[in-house]
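Trainee: Let me give you the structure first, and then I'll get to my questions.
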Amino acid sequence: MSVTYDDSVGVEVSSDSFWEVGNYKRTVKRIDDGHRLCGDLMNCLHERARIEKAYAQQLTEWARRWRQLVEKGPQYGTVEKAWIAVMSEAERVSELHLEVKASLMNEDFEKIKNWQKEAFHKQMMGGFKETKEAEDGFRKAQKPWAKKLKEVEAAKKAHHTACKEEKLAISREANSKADPSLNPEQLKKLQDKIEKCKQDVLKTKDKYEKSLKELDQTTPQYMENMEQVFEQCQQFEEKRLRFFREVLLEVQKHLDLSNVASYKTIYRELEQSIKAADAVEDLRWFRANHGPGMAMNWPQFEEWSADLNRTLSRREKKKAVDGVTLTGINQTGDQSGQNKPGSNLSVPSNPAQSTQLQSSYNPFEDEDDTGSSISEKEDIKAKNVSSYEKTQTYPTDWSDDESNNPFSSTDANGDSNPFDEDTTSGTEVRVRALYDYEGQEHDELSFKAGDELTKIEDEDEQGWCKGRLDSGQVGLYPANYVEAIQ
């Protein structure tokens, strides 16, 4: 009940009570909230599925990029395999996260969607059938009691008004006795007023008590009817709560990769791959394929022969090919076939270079003939090899010429500048960049569309020009990325 009327206590119950008229609406609203919570849970799982998909894509892209970098990079042997195993782990884990995404959307999401559709039925006029049924049930259960309560409130108000009038009449009579100007007739009227007020108080009190008694008589039935409708709402909510618990347990199983057998296998195999890395074996392989363990075609005495096609000198053999191919000599061993892609380097050449190669690789000619060989390094740049391949220098022949010595102090320290020589050929031309270009190697220029620079060498057969930025930096750039300034 909303108010308990007791002459001795007069305790007022909180107006927030469920039994107050209209306070059942919170229970009715819970039904609408259940429908909204189904939508919220679906949105929650949908966002998580998107995160799983994005993470899987990022893992795949990361693994692809780093696999290429490692395979083309300087790492070799069993440590290279261990490193690549980390990328394999990412690719396999990516597949598992895509499976998680599929499970969340195809199973959990759809399950909630179907349950929501079955549990809540929309009406033509708006709202849900379940909400209206609960609203009507509570209203019907509360209507008789609310009517009696209204009568009690009216009787209460009338009784309190009568009591107030009685108190006011008594106060006026007391004041009139102290006033000598009032005649007996006026005093008699005040006394009659008091008597009438007392009768009204008794009458309204009797009606008030009678109304309360009737209200008390209807209260048990009211409580029973309200409890019955409330329990129906509780049963409906219990189904939703149990369903949510069931779905969340399914979500937990789909998200928990630690219980997936293939997930454990991934990291067990990754650990085995890393532990299989053997530094001693890698060093032995490098010694056999790139170190003192390599075979050598030591110079031997060669008889002169009139058949030049069969007795070409080593110098003349190099002139007969269009390019110079440097290939590591395979040794007998377990890992003789594990040469990196950077082990073989193809260098295009031209007739002018052939002459210089001839002179620079002859160990018996004067050193004065090798002065121009350094500048030819730039003319044999191959743009389609990795940065690691470009930085490797393997001489095709022995020479005491420092320009062809891969172990000279300049090359060993990595400080040689291919543009230190005066490489300017032809007339310098001012050009303007048509597009943005970001240099991919240390000897390439970077610029933005609209930037101006100076072309100092014409386009080569690879489609590259040499230019100089206004900052003084000299390097290569694609010829079709610029136009001459008129």
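A Cβ is built for glycine as well, from the same backbone N, Cα and C atoms used for every other residue.
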Trainee: Among the residues S399, S403, S408, which does Swiss-Prot list with the feature phosphoserine?
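Mentor: Going through S399, S403, S408 one by one, Swiss-Prot annotates S399 as phosphoserine.
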Trainee: Can you dig through Swiss-Prot and tell me which residue of S313, S346, S416 is labelled phosphoserine?
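Mentor: Annotation hit in Swiss-Prot: S313.
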Trainee: Which residue, chosen from K53, K157, K253, is annotated N6-acetyllysine in Swiss-Prot?
Mentor: K53
Trainee: Which one of S336, S373 gets the tag phosphoserine in Swiss-Prot?
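Mentor: Record annotation (Swiss-Prot, phosphoserine): S373.
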Trainee: Taking DSSP states H, G and I as helix and E and B as strand, how many residues of the domain 'SH3' (426-486) are helix, strand and coil?
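Mentor: Looking at the domain 'SH3' (426-486) with DSSP, the answer is 3 helix, 27 strand, 31 coil.
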Trainee: Compute the average pLDDT of the predicted model within the domain 'F-BAR' (11-282).
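Mentor: Here the predicted model's pLDDT, averaged over the domain 'F-BAR' (11-282), is 92.
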Trainee: Between the Cα atoms of S273 (phosphoserine) and S446 (phosphoserine), what distance do you get, rounded to the nearest Å?
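Mentor: Just about 40 Å between their Cα atoms.
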Trainee: What is the separation, in Å, between the Cα atoms of S446 (phosphoserine) and K53 (N6-acetyllysine)?
Mentor: 35
Trainee: If you count CB neighbours within 10 Å, which one among the modified residues S273, S446 has the smallest count?
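Mentor: Ranked by other Cβ atoms within 10 Å, the modified residues S273, S446 bottom out at S446.
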